[in-house]
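Enquirer: Below you will find the structure I want to go over with you.
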Amino acid sequence: MTTTSTQTIELSPITTRQSSIAPLNPGYSLQHRHPPGRDVADASLEHGFDRPTDPLSLYNSKKTEEDLKQMKSRGTSKKVQKFYREQNDLIDNMLSPLNPIDEEDEQRQMLKVKIAVYGSGMANVVLFALQLVAAISSGSLSIFATMADSFMDLLSSIVLMWAARQVSRPNPIKYPAGKERMETAAIMVFSCLMSCVAIFLIIESAQKLAEGDVESPDLSTLSIALVATALGVKFLLFIYCSTLSQYSSAKVFAQDHRNDILVNGLGLTTGILGSRLAGWVDPTGSIIIALIILRSWTSTLIDHTKLIVGKTADNEFLKRATYIALTHPGVHQVDTCRAYYAGNNLFVEVDIVLPPDTMLRESHDIGESLQIKLESIPTVARAFVHVDYETLILASFITPSPSSIHQGTMVTPVVKHKIIKKRTAPFKRHQSDRFARVGESWRKPKGIDNAMRRRFKGQAAMPKIGYGSAKKTRHMLPNGFRKFTVSNVKQLDLLLMHNRSYAAEIAHNVCAKKRVEIIERAAQLNVKVINAGARLRSQE
């Protein structure tokens with residue numbers, strides 16, 4: 001559970017909440033007054049959502065190019081420079097308009113997508129015919145592999161055009177949530193078919209190689225010209241479809257054309273070598289082509305399976321959605337914000353906190369306007385807003401106790417690497433066998449200039465410096481965080497966007513009163529405090 005107030009924006013990823021369940025029928029959501037057929041873009045313009053605002057003055061935190069150049073000239077580390085560049089990109093992403101593409105631009109883009117889809121389909125028909133003639137006339141297995149790939153391209157064009165036609169014909173009675181996931185399912189089916197064809201080509205080519213004496217294919221100049229023509233057309237289509245990579249159909253065709261360039265080029269090369277040098281080169285090239293096809297489409301199948309199952313959105317989108325919800329008029333706090341894929345588009349769930357004395361009509365209008373705002377983002381299919389009057393975790397951190405802190409109720413690291421030690425030889429203290437007062441591992445040296453090394457230098461073999469930690473996990477605590485020492489509440493704000501990587505450690509000279517303030521602020525920012533249970537008294 002993440003809790004955010006209007007004074008402290010939380011940009012960390014998301015936690016789940018069992019009480020927030022998205023309705024299966026978005027057309028009948030209790031938080032959704034406007035009818036399902038209403039244009040969300042019109043609603044967003046009506047509420048003025050497309051105008052970028054900066055209520056938290058994030059723009060003032062940006063570093064200009066001149067500042068970055070000065071940091072470079074002062075010898076600032078590259079990691080610090082990279083941090084500020086990423087922070088600038090994050091601020092630009094949050095302050096960018098929700099829907100930067102107007103209606104006319106969207107129509108022009110969709111026309112380009114239609115040209116890409118139907119143009120690729122028509123091209124695949126012609127290219128399949130050319131490669132079929134080349135494969136039959138030459139008898140080359142490599143050319144047959146490229147022909148089979150072209151046939152599956154033709155089939156994919158038909159499947160994707162059918163899916164696009166189904167999506168453009170909504171049926172609210174049979175499919176109340178829409179047919180947007182139809183395209184993802186079609187891509188998954190086509191990926192399975194391509195994988196089966198690749199496996200069949202591998203088996204066929206392996207049988208040819210197992211027979212021993214492989215005949216060289218008769219690859220004529222006409223066959224070479226036909227395959228080269230297909231290669232050139234595929235290259236032009238790849239360039240065109242790559243300019244429309246934000247659309248899933250065009251992106252799939254771009255990937256398909258890229259693979260065809262590699263497959264056709266490799267097939268043409270192995271076919272020529274097989275006909276000129278040795279016959280076994282041709283089936284070997286066919287196996288290589290089939291393996292490339294299998295790997296590419298298996299990866300596509302896995303990626304789209306994750307999308308249709310409900311993979312979470314990337315951190316950049318989660319931060320932007322949290323910022324939009326937090327800065328929405330009337331919202332007091334953001335309790336939970338999560339987003340996950342439902343096909344190619346995202347479903348967003350937000351739990352907001354309003355004052356307890358808010359009227360029902362006002363709370364409904366705030367929730368619905370936030371829903372319309374989130375749905376105006378082009379990649380969001382549906383948004384669900386749950387309104388509450390309290391949070392579930394803030395109260396437990398107003399007077400924190402060591403038991404609640406050590407039970408793991410705070411934030412966890414976004415990625416927890418396994419800490420590996422390269423040097424595992426035990427340390428044995430010099431002359432520990434002569435004096436039995438302390439253990440042999442007492443005062444293990446932790447640096448090059450320590451008391452023991454200075455005293456006994458040259459008398460005994462000293463252990464190697466450091467622990468041999470990997471660079472990825474160096475200075476990382478066993479819980480997966482890196483330590484950041486804070487002395488006041490203002491320093492704690494530096495961990496605002498890094499609460500999943502760094503944990504705060506309160507300095508030893510901080511008084512008990514300020515410790516409580518730091519712990520309360522850390523609870524609002526969802527920042528883990530390592531020593532939050534130290535020096536706490538019952539009256540606090």
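Keep in mind that glycine also has a Cβ here, set from the backbone N, Cα and C atoms.
Whatever TrEMBL says is automated annotation, not expert-curated.
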Enquirer: Have a look at 19-59, 60-100 and point to the one annotated region 'Disordered' in TrEMBL.
Expert: 19-59
Enquirer: Out of 143-164, 185-203, 223-241, which stretch has the largest tally of CB pairs under 8 angstroms to the transmembrane segment (115-137)?
Expert: 143-164
Enquirer: Can you name the far-off residues of the same chain, 6+ from the ends of the transmembrane segment (185-203), with a Cβ under 8 Å from a Cβ of it?
Expert: 141, 144-145, 148-149, 152, 155-156, 159-160, 162-163, 248, 252, 286-287, 289-291, 293-294, 297-298, 300-301, 304-305, 308
Enquirer: For the transmembrane segment (223-241), give me same-chain residues lying six or more residues beyond its boundaries with a C-beta closer than 8 angstroms to one of its C-beta atoms, as numbers and ranges.
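Expert: For the transmembrane segment (223-241), the list is 116, 119-120, 123, 126-127, 130-131, 133-134, 137-138, 140, 143, 146, 150, 250-251, 253-254, 257-258, 260-261, 264-265, 267-268, 271-272.
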